[in-house]
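S.K.: A single structure is presented below for examination.
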């Protein structure tokens, strides 16, 4: 893993090993705040800020923390950045802070953030840890946005608060605004993700494989 490239980090964080699509982590905020696309983006960016800060600090102090207390230490680091994000949003984005409410402090117990700190940041340099924090955060934001947009469109006929359909053309399914609707929408999104992955695999299989360069054989020594 130490020789992983920045492109691979972003590919894995945003899509291939997305914390939601691949591991179904962070379900509490995923289902709780995604009643609209804007709420999903807000929670996703808040989580991205925490991921970035926690990964950088964990990478910096990884050689100074005893293995026996590394998990509690990581949680303290994560909680510190969650507090910073919480206070910042309360001061500068108060309306969004009121909407997200208790889910911002709950970022502390988001196992996706602790998992990236333990599995990646504690084994990599600061730059790669920071890139992983950004990539994983963007992947989480993507999942939150897709679910929030789906619930807002089918549950209210809107996107970012703007009506998408003329009056009388669309009857919202209010069940999508409720928690059971979040599970249904998530199921369809996961089905779409698997379909996209299947298409990508089929296209990759059809690509011609690069030809291996043959090394010239050395002539056999002549018999004396």
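In case you wondered, yes, glycine gets a Cβ from its N, Cα and C as well.
As annotated by TrEMBL, transmembrane segment applies to 20-38, 44-61, 73-93, 99-117, 129-149, 169-193. According to TrEMBL, the feature region 'Disordered' maps to 204-224.
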S.K.: Out of 20-38, 44-61, 129-149, what stretch is closest in contact terms to the transmembrane segment (169-193), meaning most Cβ pairs under 8 angstroms?
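M.R.: It is 20-38, which has the most Cβ pairs under 8 Å.
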S.K.: Using a Cβ cut-off of under 8 Å, list the residues of the same chain at least 6 residues beyond the transmembrane segment (44-61) that approach it.
M.R.: 26, 29, 73-74, 77-78, 81-82, 84-85, 89, 100, 104, 107, 110, 112-113, 116-117, 120-122, 124-126, 128-130, 132-134, 136-138, 140-145
S.K.: With Cβ-Cβ distances below 8 Å as the criterion, list the same-chain residues six or more beyond the ends of the transmembrane segment (129-149) that contact it, or say none.
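M.R.: Same-chain contacts beyond the flanks: 6, 9-10, 12-15, 18-21, 26, 29-31, 33-41, 43-45, 47-49, 51-56, 58-59, 112, 116, 120-121, 159, 182, 185-186, 189.
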S.K.: Using a Cβ-Cβ cut-off of under 8 Å, list the residues of the same chain that are 6+ residues beyond the ends of the transmembrane segment (99-117) and lie near it.
M.R.: 19, 23, 25-26, 28-29, 32-33, 39, 42-43, 46-47, 50-51, 54-55, 58, 71, 74-75, 77-79, 82, 85-86, 89, 132-133, 136, 140
